[in-house]
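Below is one structure; the comments refer to it alone.
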Amino acid sequence: MTTHHPRLTGPGETPGPHARETEPPGPRIQDAEPPEPSEPPGPSEPPEPSKAREQQSEAREPSESAQETAPPPASPRWARPALIALILASAALFLWDLGASGYANQFYSAAAQAGSASWKALFFGSSDAANSITVDKPPAALWPMALSVRLFGLSSWSILVPEALMGVATVGVLYAAVRRRFGAGAGLFAGALLALTPVAALMFRFNNPDALLCLLMVCAVYCVLRALEDARTKWLLLAGVCFGFAFLTKTLQAWLILPPLALVYGVCAPTRLRRRFGQLLLGGLAMVVSGGWWVAIVELWPAGSRPYIGGSQSNSFLELTFGYNGLGRINGNEAGSVGGGRPGGGGGGGGSWGDTGFTRLFGSDMGGQIAWLLPAAFLLLVAGLVVLRRAGRTDAARAAFLVWGGALLITFATFSFMSGIFHQYYNIALTPYIAALVAMGATLLWRRRGRTAAVLVLAGTVAVTAAWAYVLLARSPQWLPWLRWSVVAVGAVAALGLLLSVRLGRRLAVVAAGLGIAAGLGGPVAYAANTVGTPHTGSIVTAGPKVEGAGAGTAA
């Protein structure tokens, strides 16, 4: 059976923050909030309270929305050096000893080699330069690798460096997306969380299509968030282009998050309803054109003079898209698999896609790949929406929670219940959504840490994350046995420190927050380090150490 991997092509450059940009009104996240204008007392109301009592009441009953309309402050001086450090650290993580994995997934490496020798093979995504059959995906993810091989010659580095650079670009775009409403600190935190997620540390060092898909999804979300700020049509057109090329990477998975993004824009964009509807239609047209041009050429090309469409039953890319790579992934009817389906490394398990249900991504097969911060992401998504519940319709910060949260929920639900082929590394699609929500939610609550409710949620999130990390680490009992106990101990101290900081002040809160981050990232960092230090080859690979009860482990 063949393993199928998503392919994506990313935009040419990484969007970044620009100090000169004018941001539309959105909730300002700050410690102290301006008091609401007092209403004249009614005939039965008590006399006006004293000024001190009024300030205490305002601290207890903040207005989170309409009056918080100023944009976030400009990035501090340390932001740019910190961003450069994050980019360099991400590059080091994704490039370290990259050649140890050889040609990684040789199924795609062979196609990249064919594309470097034949422009026709490059265009169609052929498995061989003679153009007998294509891979079972559209070719966008092969194009960067094939061009790299054409320029630099065939080697493991020319195959894998483009994937690593996609990872660095993804970190940068995620930083830019989160920074715009929540500040440079939140953006840096989100970028670091993405880079250190084990499945990201694996797939940005591997030549499956998932790296490009992840980059394009983050670029698409960035464009939608920009459109939600000022309702400029160009951002929806660019989002459509990203989705179109994402389709040319992994077909219908690219459109998985379209419904929540379109819905949020249709409801929250700062322009009249008729214009919102028209803009969404234009964005959809851009998506169809940017993804459909290649499909049209392939379908119109005489079948006898092009390679056979791998994975299809009737030599049709449309059949492949809506069958084997479409509904087949949902209902399990996947006749047509091509390429090596058995694992060539990683302790492999192949052939069984695991039990479906809400707990699927928390199980032994999947948990260590992606689930470290999943509980925190869900908790902080709810907390963020509660904090911003009084925000106006066009509030950009709340819209950001809805966009990232909608993308997380629909992807999580699909991955949890799909009956077809599903590999652990598919979970890289979740990493930017989790990273963004954790960074945004933690920042929002941190800036309200003077309030008991915010501190309770922060402390509870730290405690839950540390306890869950213990469970995940305990599934590999012989691997760093001290780590799980350390994570629990540090997490408990951090949660207690956050609770006490309400009375004991900022200094304790800062120390407790640092310990909380250490507890939450201890497990993922150890997994990521193990992944970087281990070669991975074959078609089915996983991050981290061998897990008891799982179908696959790390590559040998």
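Cβ atoms are placed via backbone N, Cα and C, with glycine included.
Automatic, uncurated: that is what TrEMBL annotation is.
Computed from a predicted structure; not experimentally measured.
Some features that TrEMBL has for this protein:
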- 35-47: compositional bias 'Pro residues' (COMPBIAS)
- 48-63: compositional bias 'Basic and acidic residues' (COMPBIAS)
- 136-289: domain 'Glycosyltransferase RgtA/B/C/D-like' (DOMAIN)
- 1-76: region 'Disordered' (REGION)
- 78-96: transmembrane segment (TRANSMEM)
- 157-178: transmembrane segment (TRANSMEM)
- 184-204: transmembrane segment (TRANSMEM)
- 211-229: transmembrane segment (TRANSMEM)
- 235-268: transmembrane segment (TRANSMEM)
- 370-388: transmembrane segment (TRANSMEM)
- 400-422: transmembrane segment (TRANSMEM)
- 428-446: transmembrane segment (TRANSMEM)
- 453-473: transmembrane segment (TRANSMEM)
- 479-501: transmembrane segment (TRANSMEM)
- 508-529: transmembrane segment (TRANSMEM)
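In the predicted structure, the domain 'Glycosyltransferase RgtA/B/C/D-like' (136-289) carries a mean pLDDT of 98. Touching of the transmembrane segment (370-388) and the transmembrane segment (400-422) is concluded from the presence of at least three CB pairs under 8 A, sequence neighbours closer than 6 excluded. Sequence-distant contacts of the transmembrane segment (157-178) (same chain, six or more residues past either end, CB-CB distance under 8 Å): 10, 14-17, 83, 86-87, 90-91, 94-95, 98-99, 101, 103-104, 109, 112, 144-145, 148-149, 151, 186-191, 194-195, 200, 203-207, 211-212, 214-215, 218-219, 221-222, 225, 400, 432, 435-436, 439-440.
Away from its own ends, the transmembrane segment (400-422) comes close to residues 1, 3-4, 178, 181-182, 217, 221, 224-225, 228, 256-257, 259-261, 263-264, 268, 328-334, 337, 353-354, 356-361, 374, 377, 381, 384-385, 388, 429-430, 433-434, 436-437, 440-441 of its chain (Cβ-Cβ under 8 Å, at least six residues beyond either end). Within the chain, the transmembrane segment (235-268) has long-range Cβ neighbours (under 8 A, six or more residues past its boundaries) at 5-11, 137-141, 209-210, 212-213, 216-217, 219-221, 223-224, 226-228, 276-277, 279-280, 282-292, 294, 320-322, 325-326, 329, 393-395, 398-399, 402-403, 405-407, 409-411, 414, 429.
Counting Cβ pairs under 8 Å that are 6 or more residues apart, the transmembrane segment (184-204) and the transmembrane segment (428-446) reach 3 or more and are in contact. Outside the transmembrane segment (453-473), and at least 6 residues removed from its termini, the chain residues within Cβ reach (under 8 Å) are 367-368, 371-373, 375-376, 379-380, 383, 387, 442, 445-446, 479-480, 483-485, 487-488, 490-492, 494-496, 498-499, 501-502, 513, 516, 519-520, 522-523, 526.
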